[in-house]
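Some features that TrEMBL has for this protein:
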type     : residues : note
COMPBIAS : 1-11     : compositional bias 'Polar residues'
REGION   : 1-41     : region 'Disordered'
COMPBIAS : 25-34    : compositional bias 'Polar residues'
DOMAIN   : 47-196   : domain 'UBC core'
ACT_SITE : CYS134   : active site, glycyl thioester intermediate
Amino acid sequence: MDFTMEDTQNAAPEAHQASKLAPSAQRTDTQSVTKRYVNDPTASASSQRSYVEAGWKLMQLMLSPSPGISAFPNADGNLLSWTATIVGPTETPYENLTLKLSFSFPNNYPYAPPTVLFKTPIYHPNVDFSGRICLDILKDKWSAVYNVQSVLLSLQSLLGEPNNASPLNGQAAELWDSNPEEFKRHVLARHRDIEDDE
């Protein structure tokens with residue numbers, strides 16, 4: 001049986017809904033891209049394993065979506081490069097804001113963490129102005145049992161509970177603790193919706 005991103009007739013309603021969130025993902029046939037890459041004699045064994053693992057993680061994410069998060073490979077068909085979306089959690093300064101991220105999986109994935117960056121400008125104690133994130137599971141606490149969904153859920157949680165003990169943005173950490181209204185003004189001033197191709 002050939003499972004494709006475009007086959008929504010037999011898919012769970014949540015998977016169909018998730019496919020609407022990222023139109024570029026609808027053009028990606030995960031299984032055929034994975035087969036094509038795995039059968040490429042120029043690809044290293046570790047790259048092939050990373051591709052298979054990324055394809056598997058995509059299927060897991062589509063079959064058990066979580067509210068407020070989504071992720072899909074980029075339209076170029078490269079399963080090692082994804083775009084993700086987080087909707088800001090309720091009762092946080094990011095409530096209902098849509099935040100886009102990029103995932104870049106290394107050749108030794110899942111044994112090394114993906115590089116994850118916020119593409120949407122964000123004001124947060126644990127994110128610098130380049131979009132780099134300070135989150136332990138993306139660094140020394142990474143484990144091969146983590147998947148894209150667990151990373152996105154951790155990031156969604158971080159939006160409401162920053163780690164002010166090790167901030168990348170000291171001013172944001174200070175405002176988070178001392179002046180929530182001013183912090184929220186900075187969040188809204190920095191946020192800007194971006195297109196998928198940015």
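For all residues, glycine too, the Cβ spot is worked out from N, Cα and C.
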Conformational class of the residue listed as 'active site, glycyl thioester intermediate' under the three-state DSSP mapping: coil
Spatial neighbours of the residue listed as 'active site, glycyl thioester intermediate' that are distant in sequence (at least 6 apart) but have CB under 8 A: ASN126, VAL127, ASN163, SER166, PRO167, LEU168
